[in-house]
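**Student:** Per TrEMBL, the features are:
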{"type": "BINDING", "residues": "199", "note": "ATP binding site"}
{"type": "DOMAIN", "residues": "170-484", "note": "domain 'Protein kinase'"}
{"type": "REGION", "residues": "1-21", "note": "region 'Disordered'"}
{"type": "TRANSMEM", "residues": "502-525", "note": "transmembrane segment"}
{"type": "TRANSMEM", "residues": "545-569", "note": "transmembrane segment"}
{"type": "TRANSMEM", "residues": "608-631", "note": "transmembrane segment"}
{"type": "TRANSMEM", "residues": "643-670", "note": "transmembrane segment"}
{"type": "TRANSMEM", "residues": "699-721", "note": "transmembrane segment"}
{"type": "TRANSMEM", "residues": "733-753", "note": "transmembrane segment"}
């Protein structure tokens with residue numbers, strides 16, 4: 001079987017670098033695994049016995065030495081063995097200056113490991129011993145020279161608890177994870193008889209205060225916290241989310257090609273994690289069965305939209321997460337993501353919280369500006385980060401979930417902290433490889449649309465990214481709603497482009513055409529049915545009076561109706577004409593000085609069909625009385641039966657003529673005018689209300705479209721029966737015409753009704769993810 005990824009010939013330079021990088025990391029991993037195994041089997045193994053061979057690059061060997069020293073120190077601390085000094089290690093490896101070339105992150109680890117053991121360490125002493133690394137070390141420790149916080153001179157509190165232990169009100173059952181700040185256990189809270197996730201950490205940081213602000217379905221809910229002063233520990237107990245993390249999902253899907261993944265694979269990964277904690281998973285519901293068949297791109301879009309909404313909620317509370325990665329996204333049994341681990345977040349709402357107090361995160365998921373804030377070579381500080389940095393990290397996370405690998409390669413070769421950060425900065429400035437689409441994806445290409453959204457998330461310039469989590473959530477939701485995406489994408493050709501370019505002409509034509517047809521039918525019917533009767537009754541002036549009345553009323557009514565409707569359309573059209581024909585990433589962008597005015601114009605655009613119907617119905621209603629009164633005055637007489645005949649025929653024609661313009665104009669409004677007035681695809685709450693009202697109006701006018709022609713046929717039969725001098729042939733033709741036009745008209749209006757309802761549902765779901773559809777409104781009505 002041919003592999004489409006296989007290439008003949010020598011590798012390209014970029015492939016060679018990637019291969020070399022992969023080999024280097026593999027060598028390091030192998031050395032560390034063997035050294036850890038040696039620690040398990042013997043006491044104090046020799047570092048020199050586990051170094052890579054002499055054939056490897058010098059920088060790889062040096063990096064291995066530093067990593068082995070880290071592991072050696074950590075194991076000595078855990079086993080209670082005396083820790084060797086860095087000078088001892090330097091004497092063992094005298095072929096290079098180990099202390100002078102030590103990476104800042106290596107010294108940072110050494111500092112914290114010795115503190116965790118209880119040794120008295122002083123940050124200033126480290127700065128004096130390692131002056132070259134002092135600037136970077138200060139930044140890693142969250143200090144500004146020459147200041148030093150009191151916290152950094154206190155020993156770390158190592159969490160030694162394990163499953164089976166009990167602490168305070170909690171029985172520890174399973175260790176769920178361990179990070180740089182704490183351990184997390186599945187625990188039983190005895191007083192409440194419930195399962196919780198218990199996070200045990202040293203009593204520092206603002207995470208509980210941060211999480212206590214949150215009440216969002218996609219952020220882990222915190223129940224409460226307790227302080228154990230005698231142990232200097234903090235217990236944070238929160239909602240237990242049983243489905244593991246996105247990191248588990250990524251690892252579990254490594255053997256499945258991305259193009260063969262479906263929603264079922266997500267459920268299987270969740271099931272494995274639930275079984276690990278002794279729970280029985282169940283996915284027996286219509287929604288979950290449907291999600292099991294969803295393409296993987298749709299699964300990622302749904303997860304991303306929910307996480308972006310959670311981020312927007314946190315940002316609205318003044319909190320930046322700053323460490324978004326797959327391991328910090330928990331999954332419920334139903335596959336709902338929940339954002340967790342705000343330990344290094346920064347909140348403007350928490351008194352005393354500072355942006356650099358717990359600044360950090362995972363390098364592989366950091367934005368360009370967050371990496372620059374980690375490097376002393378750049379002027380960016382942690383305080384400079386905003387919501388767009390979290391948007392970037394979420395983009396990296398979603399890309400990894402989608403494809404199984406991160407969008408950026410690892411650094412070309414292992415080096416010290418500064419070199420690693422600089423290489424990651426350079427990679428982000430160059431942009432992620434392979435993300436530029438060859439062509440613009442279609443609205444039904446969910447995978448292509450998703451990658452287009454992620455490309456914008458990963459733009460090195462924050463100004464080009466989504467400005468908020470809400471914008472990102474809506475963009476991801478649009479990927480799941482191709483109809484809404486088509487509506488919100490500016491048309492490049494076709495009738496939608498013409499309507500958008502000439503909205504006034506389009507709306508007037510849609511309104512006038514049914515009225516003109518109704519006027520012609522009404523003229524023919526009244527001329528043959530009523531005038532024939534009057535002329536045969538011996539009234540010589542009836543014909544002239546009818547023609548004069550017809551010309552006068554039509555000459556007045558049509559211009560008035562056009563003028564009134566045009567005044568409403570112009571208010572809507574004034575901004576549509578200023579919108580460009582197309583914009584990138586399916587956005588509508590135009591100059592706006594008054595967002596409230598644009599919201600009013602959007603509401604008006606959704607009411608144009610109603611305005612057209614009301615204007616037509618009112619003018620036809622006035623004409624139904626004006627016709628017989630004018631003919632009576634001009635002809636000298638008009639029997640009551642003739643008066644009633646005029647009123648009834650014009651009223652029925654007016655109702656029919658009002659129904660059809662409503663559907664045609666509303667269809668144009670929803671398909672073209674309303675989307676053109678959306679600013680960056682954003683809608684106000686009033687828009688949602690108007691969209692729902694329009695859906696209900698459509699149901700009312702559809703009923704009219706079905707009932708009014710039937711009433712017309714019934715009225716024609718009654719008039720024929722009660723009128724002794726009726727023109728039977730005319731009434732027969734009128735019945736036939738009304739029947740045919742009524743059936744055809746109802747079929748057309750029903751088709752438009754379904755199209756409008758579908759468009760409204762798509763807009764509602766895309767602009768307000770999770771909102772009820774129009775059909776749900778009907779089901780909830782009594």
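In case you wondered, yes, glycine gets a Cβ from its N, Cα and C as well.
Please treat TrEMBL annotations as automatic predictions, because they have not gone through curation.
Could you give the neighbours, burial and distances for every feature on this list?
**Tutor:** Taken residue by residue with DSSP, residue 199 (ATP binding site) is part of a strand. For residue 199 (ATP binding site), other Cβ atoms within 10 Å of its Cβ number 29.
Counting only same-chain residues 6+ beyond the ends of the transmembrane segment (545-569), those with a CB under 8 A from a CB of the stretch are 503-504, 507-508, 511-512, 515, 519, 523, 526-527, 530-531, 604, 607-608, 611-612, 615-616, 619, 622-623, 626-627, 630-631, 633-635.
Among residues of the same chain six or more beyond the transmembrane segment (608-631), those with a C-beta under 8 A of the stretch's C-beta atoms are 507, 510-511, 515, 518, 526, 542, 545-546, 548-549, 552-553, 557, 560-561, 564-565, 568-569, 572, 638, 642-643, 646-651, 653-655, 657-659, 661-667, 669, 673, 694, 697, 701.
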**Student:** Restricting attention to the domain 'Protein kinase' (170-484), give the mean pLDDT.
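**Tutor:** Average per-residue pLDDT within the domain 'Protein kinase' (170-484): 80.
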